[in-house]
Structures are given as structure tokens and as C-alpha cells.
Amino acid sequence: MDLLQANGVVKKYANHLALDHVDITIPEKQITGLLGPNGAGKTTFIRIINHITMPDEGTILFKGKPLNASDIYHIGYLPEERGLYKKMKVGEQALYLAQLKGLSKRDAYQKLKYWFEKFEIGAWWNKKVEELSKGMQQKVQFIVTVLHEPELLIFDEPFSGFDPINANLLKQEILALKEKGATIIFSTHNMSSVEEICDNICLINKAKTILKGNIDDLKQQFKNNEVAIEFNGDPAAFRNKLNGNYIIKELIEQHHKHTAKIQLKTDKNINNLISLLINDFQISGINEILPKMDEVFIKAVETSNSNQ
Amino acid sequence: MNKILLIINREYLTRVRKKSFIIMTLLSPLIFAGMIVVPGWLNTQKDTKEKIIAIEDMTGLYQDVFENTDYIKYQYQHKKEAIEKKEALQKGFEALLVINSNLLQNPSDVQLISEGQITMNVQNNIKHQLNTYLRNEKLSSYKIDGLDEKIKEVNNLRVDLQTIRLDEDGKEKQSSAMFAMIIGMVSALLIYMFMLMYGTQVMRGVIEEKTNRIVEVMISSVKPFQLMMGKIIGIGLVALTQFGLWVILTLAVIFTLQNFVFNPEPQQIQQTMEMAQNNQISQASQTQEAAAKFNEVMTIIEDANIAGIIALFLFYFIGGYLIYSALFAAIGSAIDNETETQQFVMPILLPLILSIYVAMAAFNNPHGDIAFWFSVIPFTSPVVMMSRIPFDVPTWELVLSMAILACSFLILTWFAGRVYRTGILMYGKKVSYKEIWKWFIQAGK
């Protein structure tokens, strides 16, 4: 089931079209990466979900019903450009922001205590925000975002400003939230983190959705029919054997082993390759090369740009 | 609605707890009270040092003219011990008065010689005593019967102009232009000061939220309009708190100073004003008169419908603050940092500054055309109308001015809200008036 469904969403600004009939579906209890080059329209879309701006056209369904203002209680949003009131004390500020999200003061206090202990930041409660390092502020901000246990969480570049240890901690927390049943929209330019945590992606380019779906499916779709094969034997013989039927893109020798990257022609598959080689070479490993997400990203964007 | 209360609460508490607010709120009443009490106190302190004036009377005509006062003593020098001027001053005399000839014939042939500057008080006393004596001399030279009696009668004549205003129902009311002016001036200045101080605080608050980048977090929980109004109202309450504390503390300080520190006569303050007006009156009658005047002022205060003035003051205070702070909020939302404020703040400051000039002019002509128009235009009306109110503004003018102020508050807040909504999410753009107008139009779509 889809938690959020955007159909034909259009948003115009004075000088440009930010979203042009965008259709996006966010499956429930999964992590969906919202990707796209700078200025593609991601932030505008997120702002529309958050009821910060209104679409000019199109509908947004939240749990099957048109999105309305009270739904923001079920949404937690960590914007890319984030900040806190510098002069306010950490605890006081967290309580304030939690209450604005509809929590009662007592609930907010109790939940904050839990999270502050979990992140080991209880000692900061009475410190002013300006005394905290940037990473520490990010932690506070993350807590405030998830505190009211929203059904939909939107993280815009959540890892920026974190050291690897804390980034990992955060990643674990995000995955734990998903386990608990939260639906997560994850907007980032960091493709390796997309690969690590996303189930689906949705790629926006120049105000249009150009690609969406399950990551594994997309990788299949974008694969180049390439195979990496490790073997022992004479590389020249190897070249001869494959000549004409397969394209050898790369052949390197390493630790007395040879590794070749081979592109299959459309009428061939891995089994054909294996049966061709199996009698003459000792094959120690073979696997299909799936594209990395950044390759998918670049390819999709370039295709869509050249189609215009 | 609950959210706007939360925002108001935060805006209010964070400001009221600031050290700068506490210091300013506690220290200012001392300064205000000082400005009111110190002149009165100084008045009681003057001339406590005894001054001796030596008199060298060459003519011998004025031997018993000068009477000693509390602090000024006159000492005649007889001819045989006539001393050199320098010497006289070194002997400890404050000054040397030399009368060279008959002053009735030659009134300018008298000199007061001293090393330092002679205070006005001493000069006035000498002039006063000589004048009185010479006038009586001159009169008695006409040889009129019963002259002494007549002189007394003449001297006791004094006009005390009573200013009476007629009520609408024809009832007579005593008025005091002086008192009205003070009320008008103080309330106009207070409104001006608070609009400026707290309006710019609203702007700074908005810029702070924008540069801190907390604004996007905020508006994912609350509507931009709630955020803006919460800030405006919260800061407005801070202003009212400060104002209330100032009034209470100032009164407390004055009361304390008067009763326990300076301990002057109760009418001291009033007396100071009176003395400034006519310092010819002799000390004794002055005190009496001051007491009478004081009572008079008290009745005027009671008559002046103080409750009405306070209610109007609060209305214009709040109304003026609201329209200016809405504009300041719109400006704050349009720019990225405080250094860029200049070009947008100037056009807002102009009517504000203009209003204070018009208010000054309105003291002299509270019912003129200029005073009327500027007390109807919403950008100047809070200050200008307050300066006119003590002079009994016609009810319809008041209603008109208040209605326009209320309407423009609604319109300006609506305008500011739309600019604000777009502005707070705009970064790194050099903003122009055209741009702001575009936001305003666009927000409607």
C-alpha cells in the first residue's frame, strides 16, 4: 500500500516551473530515496508534502485521503537547511518544537528523556545551542524530527555534518525506525547511502519524474550486460577465444590471476560465456556487474536531458 | 490556536529573561525619576551657601535699602573705610556693589563687580530690591495722600489667568495647557519610542530565524502567518510589560526619593514649574501659591478623564506597534542579514520621524489642518493623535482615526503575511521592491 501518492502535481513560480505534472508514490513502511540534480524540484515537492506551499495543480493523497493541514502531525521533516534558536537551551527548545508538533509537554518530556539517553546527550539539556558543535546540534535536530513518532519521515541530507561514527549511528536509527513501521523519504546526493538504506527511489530531473521504482529492479533495468570473470590461464588465448562474440572491456592481471570485464551481446547470457570458457580456462569467479546507483542516476539524467 | 500561544510564550519568555531587558527595565525608571525629581531637588539646594555682597554707596541715599535674605547678606562699607575693589573681593565678599550717583536721575550708574560669574539669583535679588525701592521713592515724590495704602493695593494686584474649557453640555472645566502638553508629549514620545524599539526587535527576530535556518523547521509545524503573528504579539507583550514596569517603578522611585531622600515640601515638583514661570514672586507667596496650584492640578488630573486618556494611549500604542511591526516583519523576511536592512527600513522610519515633528507642531495648533490629517493617516496617527488628545479632539475625528488605524492594521498584516510567507524561504537573493511586490501577488495564487 502507498502511504503517499502524488498525482500530476504542478508548481509554478514566477520565472520557472518547479514541478511539472509529477507523479510520485511513496510505499508504506519502506525507505524511498528522492533523488535528483540540484534545482530539480525535490525541495519544492517536500515543501508541498509539508503543507508549506500549495501545488497549483494535482492531488496529493495521504493514507488514501487528500492531504490536509492536520496531517503534518503525522509527518516529521528534517530539512537540509536546518537550524535551532542559538540562544535557547537545548532541552527547552526540544520541548518547544515537540509541543508545536502536537505533543503534550509531559509526553514530550518523557520521550525526550528516552532519546537523550539513547544518544547519550542528557548532559546537554541545560546548555545553550550555541555552545554545541554542529554535529551535536544535528543530533538534537534529528531527535526533534522523530520525537512525535510520525508515520512519514522526511530526511533531507540527514548525514551532512556527521562524522562517520555518528553517521553510522544515525543510519542504524533510521533503519530501526523503518523496522518500527515508519515510512521514510530520504533525499540525498550521496548515492552510496542510497544504496545502503533505500528500498525504492524516485528520480526527479528538471521538474519531472524520470525514474522510479525498486532499486534492484532499476539496477536490472540499467545493467549493461556486463560480467566480471576471474580465471587462470593465458590472457592472449582468452582474447582469442572470445574474439568476435564478446567485447572485452578490461583485462588485468593481479596476483597471478586475470580479471576480465566482458560485455555480453544481447543474444548471449552468462551461461553461454561459461560454456565457451569452461574447457580451456580455470574459472575462479564470475559475477554479473550491476550498475551502481550513481551510474543509474547519471545515465537517467543524461538520457532525459538529451531527449528534450 | 494553541500553537500561536506556544509561539507567543516563547517569544515573550526568551526576551523577558534576557539580561539586557532586565537591566534596561530596572535602570530606566531611575533615570526617568531622576529627570523628574532632580530639577526640583536642585531647586531646594540652590544658594545654600551664604553670599555676602559689599555695598559701596557713594551717594549715601541707599543706606537702608537692602534687606538680607536667607542666603544673601548685604554689608555696607562706610566711606571712610572704602576699600579698593580688588581688596574687597579678597576679603571674602562675593561681589561689590558700587552706587555712584542718584539712581532716579541716572539709573545705570550702578555696578556689580565680582571675580567670578554672579548667579542670576543674586542679580535678580539686587535688581528687585533696588527697583522696588526706586519705584516707591518715585511715587512718594508725587506727594499723594495715603500713598502707602495705595502702593500696597497696587502691589497686591496680580493677574492669575484661569483657563476654562466648556464641556459639550456647557459645564465649565478648568484646564491647564501645561499639564495637557506634558501628557501629550510624554505619551507621543513613548509611543514613538516603543514602536521603533520593538518594531525593530520584530525585524531582528525574523532575520534571526531566517539566518539560523530554523524557519523551515518551524513552518513544517506551524503556518507562516502563525509564526509571524506569534512573534509580533509576543514581542508586543514584552513592550507592554516593560512599559507597565516603567510606570510602576518610576512612581515608586519618585515616591521613595521624595519621602526618604530629599524630603522636600510635597509640592516641590509643581513648585519648580511655577518658579520657572514667574520667579519675581517673593518666596513666601510662591510657596502658598504653589500649594494652591498643586491642588488645582490634582483636580485637573481628575477632571481630565485620565482613564480615557490611558485607554486611548493603549489603543494607539498597540495599534501603532502592530502596523509597524507587521511592516518590520515583512522586511525581516525579505532580507538575509541585518546589513541589508537599510534601504527598506528608511521608508518606514520616515513617517515615524515625521510624526514626531508633526506632534511637536500640534502642541501649538492642536486643531489645525496638518494636525488633523496626520492624526488620521495610520502611519503617523498614533504619535500625532496622542499629542492632540489632551486638547479635546472631537469625537468623530477620534473615531475616524481609530477606525482607519484598525483597518490598516488588518490590511498591512495581510500584506506582510503574504510577503513573509514567501520571503522567509528565499535565500541568497538580492531583493528589490519589485520582487517583494511579486511575492505579494504570487502568494495569492
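Easy rule for this one: first residue shown is 1, then count along the chain.
Positions of Cβ are set from backbone N, Cα and C atoms, glycine also.
In TrEMBL, annotation is done automatically, which means it is predicted and not curated.
Per TrEMBL, the feature domain 'ABC-2 type transporter transmembrane' maps to B:19-416.
TrEMBL lists B:21-42 (among others) with the feature transmembrane segment.
The transmembrane segment annotation in TrEMBL covers B:177-198 (among others).
Look at TrEMBL and you will find B:232-257 (among others) tagged as transmembrane segment.
Residues annotated as transmembrane segment in TrEMBL: B:306-332 (among others).
Taken from TrEMBL, the feature transmembrane segment covers B:344-364 (among others). Listed as Cβ neighbours of the transmembrane segment (B:344-364) (distance under 8 Å, sequence separation of 6 or more from its ends, same chain) are residues 181, 184-185, 188-189, 192, 195-196, 199-200, 203, 324, 327-328, 331, 334-335, 370-371, 374-375, 377, 379-384, 386-388.
Annotation source TrEMBL lists transmembrane segment at B:398-417 (among others).
Under 8 Å from some Cβ of the transmembrane segment (B:398-417) lie the Cβ atoms of residues 224-225, 228-229, 312, 315-316, 319-320, 322-323, 326-327, 329-330, 375-378, 381-382, 385, 389, 440, all in the same chain and six or more residues away from its ends. Nonlocal intrachain contacts for the transmembrane segment (B:177-198), taken as residues 6+ away from its ends with a CB within less than 8 angstroms of a stretch CB, comprise 163, 235-236, 238-239, 243, 273, 297, 300-301, 304, 309, 313, 316-317, 320-321, 324-325, 349, 352, 355-356, 359, 362-363, 382-384, 386-391.
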